[in-house]
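K.L.:
Sharing a structure, written as C-alpha cells. Questions coming.
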Amino acid sequence: MDIKRVMTDVLEDLVDKELRQFIWQLWNGVTAGTEPIPRAKLQTSDREDVVDCMVKQYPDDAGKIAVQALHNMKQNELARRLELKLQEVQQPVQENAKNAPESMELQPIQSDWHRPYRITACSQQFKYSLLKQERNDVYMPSSSSWRKGSALLINNIKFDHLSYRNGAEIDEENMEWLLRALGYSVEKHTNLSGDAINRAVKNFSKRHEHQNSDSTFVVIMSHGDRFDNKDAILGVHYQRKNPNDIFFVEDIFTHLNSVNCPALIDKPKVILIHACRGGDDGGVYVCDSAFESDAWVHKEKDFVCFMSSLPDVYAYRNPHNGSYFFNYIVDVFSTSAYIYDIMELFRRIALRMEIDPHFRDKKKLLPCIERTTLVKKFYLFPGLM
C-alpha cells in the first residue's frame with residue numbers, strides 16, 4: 001500500500017466538518033516553517049484530491065504534515081494510526097538514508113541561495129530506533145518537556161561608532177525561522193551594549209522553562225574582536241579610543257554552567273556566534289617542504305560553541321544575503337538535521353564552507369568548534385515533539 005492510499009484511508013474517518021478543519025490547517029501552515037497550500041488549490045471536499053494536493057506540495061513530507069495536522073485538531077488516535085501505517089511504507093527509505101550517496105547537499109551554497117521553505121522532518125520510527133539502539137550514547141529527550149526548549153537570539157546591527165552590519169537583519173530572520181522550526185521558543189534582543197548582553201544572557205539562564213526543556217540555543221551576531229587572547233562581542237557603544245563596551249564569550253559558559261543554571265545540567269547548550277575574532281583574512285602562504293551522585297556534577301559540561309571563524313580571523317558577511325555562516329547553518333540543519341547529530345551537522349557546514357569559491361584565494365573562512373563538552377550525540381529530531 002502506498003503513502004497516498006494510507007493517507008486517504010485515514011482521512012475517510014473524518015466527517016465533513018473535521019475535513020474542513022484539516023484543510024484549514026493546510027491553508028494556514030501546519031507547523032512553523034511549513035509553506036501553506038493556497039486556498040485556490042484546495043477548493044474540494046474529496047479526500048483523494050486533498051491527498052493528491054498534499055503530495056504535490058510536500059513530496060517528501062506529506063505524511064508527516066498530515067500527522068501533525070491531525071494532532072493540531074486533537075485527533076490524536078487518528079494521528080497515531082496514520083503514523084504507524086506510514087512507518088510501514090516509509091521505513092526502508094529512512095533506514096537507508098545514511099548510506100545514500102552524498103551529492104549536492106555537500107556542495108557550496110549557490111549565489112542565488114534562498115532559505116528552504118520547510119525543514120525536513122524526522123520520522124517517529126527513526127527516533128524510536130535510534131533511542132532504543134544508542135540510548136547510552138544519545139542525549140535522551142525529556143519525557144516531561146512540553147517543547148524542545150528556549151533559545152536566546154541577540155543581534156547587534158547599528159553601532160554608534162562602528163559600521164552598520166548590512167545583511168544582519170536577514171541572519172536574524174533566518175535563524176529565528178530555523179529555531180522555531182526546530183521547536184524552540186525564541187527570545188530576541190537587538191542592538192545591546194556589552195552590559196546589556198551580559199544581563200540578557202544572565203536573565204535567560206534563570207528562565208523557569210529550562211527545567212522542562214531538552215536543550216537550549218544561544219545565538220549572538222555582532223562585531224567582535226579578541227582582547228588578551230579572549231573572544232569579545234562588541235556592544236553598540238564600543239569605540240576604539242575607549243574599548244570598554246564589550247561582552248566576553250566565555251561569560252556565556254559561566255552563566256549557563258551547572259552552578260548558575262542547574263536547570264540545564266546534562267542538557268545540550270549550543271552556542272552559535274557570528275563575529276570577527278580579529279582582522280586577519282584567514283589565508284596564509286605555506287612553503288611545502290617534503291557523575292558519582294546527583295549532587296556532584298561537572299561545573300561545565302554539555303556545551304558546544306560553533307563560531308563563524310578561526311581565532312584572529314575576520315568573519316565575512318554578504319550585505320544582501322546575510323552571513324555565509326548562518327546561511328550554511330540554516331541550509332544544513334533544514335536538510336540534514338532529521339538524520340544526523342549536531343556535530344556531524346557542524347562538520348558538514350565546515351566542509352561546504354571550506355570549498356566555497358567565495359574563499360578560493362587569499363580570503364579564507366572556516367568555522368570553528370570551541371570549548372566543546374558534549375559527551376553524547378545530540379539529535380534535534382525536527383518535526384517531532
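Using N, Cα and C of the backbone, Cβ positions are placed for all residues, glycine too.
Taken from TrEMBL, the feature active site covers H223, C276. The annotation domain 'Pyrin' is assigned in TrEMBL to 1-58. The feature domain 'Caspase family p20' is assigned by TrEMBL to 147-280. Annotation comment: TrEMBL describes 297-382 as domain 'Caspase family p10'.
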K.L.:
Any idea what the model's mean pLDDT is for the domain 'Caspase family p10' (297-382)?
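P.N.:
So the average pLDDT across the domain 'Caspase family p10' (297-382) works out to 85.
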K.L.:
Please report the number of other Cβ atoms within 10 Å of the Cβ of C276 (active site).
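P.N.:
Around the Cβ of C276 (active site), 21 other Cβ atoms lie within 10 Å.
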K.L.:
Give me the Cα-Cα distance between H223 (active site) and C276 (active site), rounded to a whole Å.
P.N.:
6
K.L.:
Including all protein chains displayed, how many Cβ atoms other than that of H223 (active site) lie within 10 Å of its Cβ?
P.N.:
20
K.L.:
Mind tallying the domain 'Caspase family p10' (297-382) by DSSP state, helix then strand then coil?
P.N.:
29 helix, 14 strand, 43 coil
K.L.:
Which numbers of helix, strand and coil residues does DSSP report for the domain 'Pyrin' (1-58)?
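P.N.:
The breakdown for the domain 'Pyrin' (1-58) reads 37 helix, 0 strand, 21 coil.
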